[in-house]
Amino acid sequence: MNPSEMQRKAPPRRRRHRNRAPLTHKMNKMVTSEEQMKLPSTKKAEPPTWAQLKKLTQLATKYLENTKVTQTPESMLLAALMIVSMVVSLPMPAGAAVANYTNWAYVPFPPLIRAVTWMDNPIEVYVNDSVWVPGPIDDRCPAKPEEEGMMINISIGYRYPPICLGRAPGCLMPAVQNWLVEVPTVSPISRFTYHMVSGMSLRPRVNYLQDFSYQRSLKFRPKGKPCPKEIPKESKNTEVLVWEECVANSAVILQNNEFGTIIDWAPRGQFYHNCSGQTQSCPSAQVSPAVDSDLTESLDKHKHKKLQSFYPWEWGEKRISTPRPKIVSPVSGPEHPELWRLTVASHHIRIWSGNQTLETRDRKPFYTVDLNSSLTLPLQSCVKPPYMLVVGNIVIKPDSQTITCENCRLLTCIDSTFNWQHRILLVRAREGVWIPVSMDRPWEASPSVHILTEVLKGVLNRSKRFIFTLIAVIMGLIAVTATAAVAGVALHSSVQSVNFVNDGQKNSTRLWNSQSSIDQKLANQINDLRQTVIWMGDRLMSLEHRFQLQCDWNTSDFCITPQIYNDSEHHWDMVRRHLQGREDNLTLDISKLKEQIFEASKAHLNLVPGTEAIAGVADGLANLNPVTWVKTIGSTTIINLILILVCLFCLLLVCRCTQQLRRDSDHRERAMMTMAVLSKRKGGNVGKSKRDQIVTVSV
């Protein structure tokens, strides 16, 4: 075989791989398990909560106790990691039963309403014109016109009689009322000049008894300036209405039925015959357009009024005052002057002017009252949150103490387009309700951030590296701390605002009640502040409840209390009636429930959950602090040095004493030896030379 053939049959040479390192790197990256992919349904893990960390600490402590291992920070950490690994690795059994824990919860400002009753304090009703209607003004209402007239069906309960206006049982009936200023004249044919305003008001119950007077009640007379019987001096030269509150001689009864008795001590002027000094039979019948059955029709069509008689006409109860109804039976409540502002704005007011003339007929004086009107003014009255007006076919049922209304409308303003075929019910937002809430874990209170900070302060401010160890704990407390801080700032700001508004309102009442023109912008700002105070008052009451209660750590908008819900003691029908606002014998006893919950909260205030565990962890972390070690070593070295010095001193003293004893012993031995040598010699030193004696003695 020639060399060329041998060369052709030789095996081919292997090519060297230059990319062995990249292949090895890829082999190292190969895995046999399934690749973990992030799915759209995958949720981001939340930071550990305080309850989870506390439970983990408890489980780790129990595990170490069962295994009889000393509880050190290192062993606690390893036990906690082992428990977490077991919990994560073990699958959740399908159909596992979830424990159910039901506690009482306080929900502030729920989306519920309740009726404003005669026992509530008067509310703020704003008008757009304070020249003809006294009271706070605001021409920017409604605040949200797009929300006016929203449909609603209500079924709510009440304890005290609710405030309702309209033609329905349990509601105050509307009527037309006149307010007149009487100015005397000196003309021989004119006795008085009149300026009068007619508008919608509240209808009294009229009993045509002797002299056709209204039925009056002399009970529950309020304190105040009585209305004058004669024309006030300040009214003799004025042509404008000056509203001034006064108390009439007797009260008008506005309602007296199964819903209660409501009276009004405001004056209600009317024309009557002055029969003083008359020898003939003088009819004392009162003729007044104050009460008209046709309501708005009398204000629209009747533009001229004339009264004629052979006897002089007099206007009774000379003061211009607004109605102030109040309930006196079955309970006695405060006056509500704001209701008149709602009724007077339901239709325009009419302005009248006229006089009373004196003529002679059949040789007798003849008196004529002539009133004419050519001016009407539309008005608007509004309420602001948390108050609202429910308008519709309202039905009040006193037997069941419920109020129902289907297809009603929610309004905040009433104007001259209102139809009195409907009724007006004043409502407001509920301040808070108590309801049972179900949880899948036991109730646990929030840890005390103050105690936690005090316990860990010595660790955190000495060793910065421990901050990374405590990140998990602190992350669970950020939400609680932020909530507490915001609540504290809100309370502080609210108190400051209340004081500021109270200081600013000292001189505002006289300004609002006067008829002089005021700056509209300033008035709107003051009204906003007044309404803000009312709203903040409700918020402060809710915040006060929150401060008195111990709440679960995982709630911020409402408070889950430690009081367990007992179905046998408070069945759901009682809770339902409470949500409806009904308060009767079958309704949830809120006062008793509050007392039980406050007692349970007090019991939990003395026991701050997790404090012992936190203190143990802090002590363990403090032992790991190198600074502590250095301090311990330093203090131990000083003590040891002192002890060593003392020992050395004692040892030196012993050595010196030993040496001295040895010297003394040597001297005694030498002396004894010398004595022995001398005693063995016969004759002693006799016959010896002096030198030999000295040598012998020295030896």
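Including glycine, each Cβ sits where the backbone N, Cα and C put it.
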**Asked** According to Swiss-Prot, which of these ranges is transmembrane segment: 108-128, 633-653?
**Response** 633-653
**Complete:** Among the glycosylation sites ASN153, ASN274, ASN355, the one whose Cβ has the most other Cβ atoms within 10 Å is ASN355
**Request:** Starting from the Cβ of ASN128 (N-linked glycosylation site), draw a 10 Å sphere and report how many other Cβ atoms land inside it.
**Result:** 19
**Asked** Based on Cα coordinates, which of the following glycosylation sites are within 10 Å of ASN153 (N-linked glycosylation site): ASN128, ASN274, ASN372?
**Response** none
**Request:** Can you see whether DSSP assigns ASN355 (N-linked glycosylation site) to helix, strand or coil?
**Result:** strand
**Request:** Check the Cα-Cα distances from ASN566 (N-linked glycosylation site) to the glycosylation sites ASN128, ASN274, ASN355 and tell me which is shortest.
**Result:** ASN128
**Asked** Using Cα coordinates, what distance in whole Å links ASN128 (N-linked glycosylation site) and ASN372 (N-linked glycosylation site)?
**Response** 25
**For ASN153 (N-linked glycosylation site), the three-state class that DSSP assigns** = strand
**Prompt:** Hey, what's the Cβ neighbour count for ASN566 (N-linked glycosylation site) at 10 Å?
**Reply:** 12
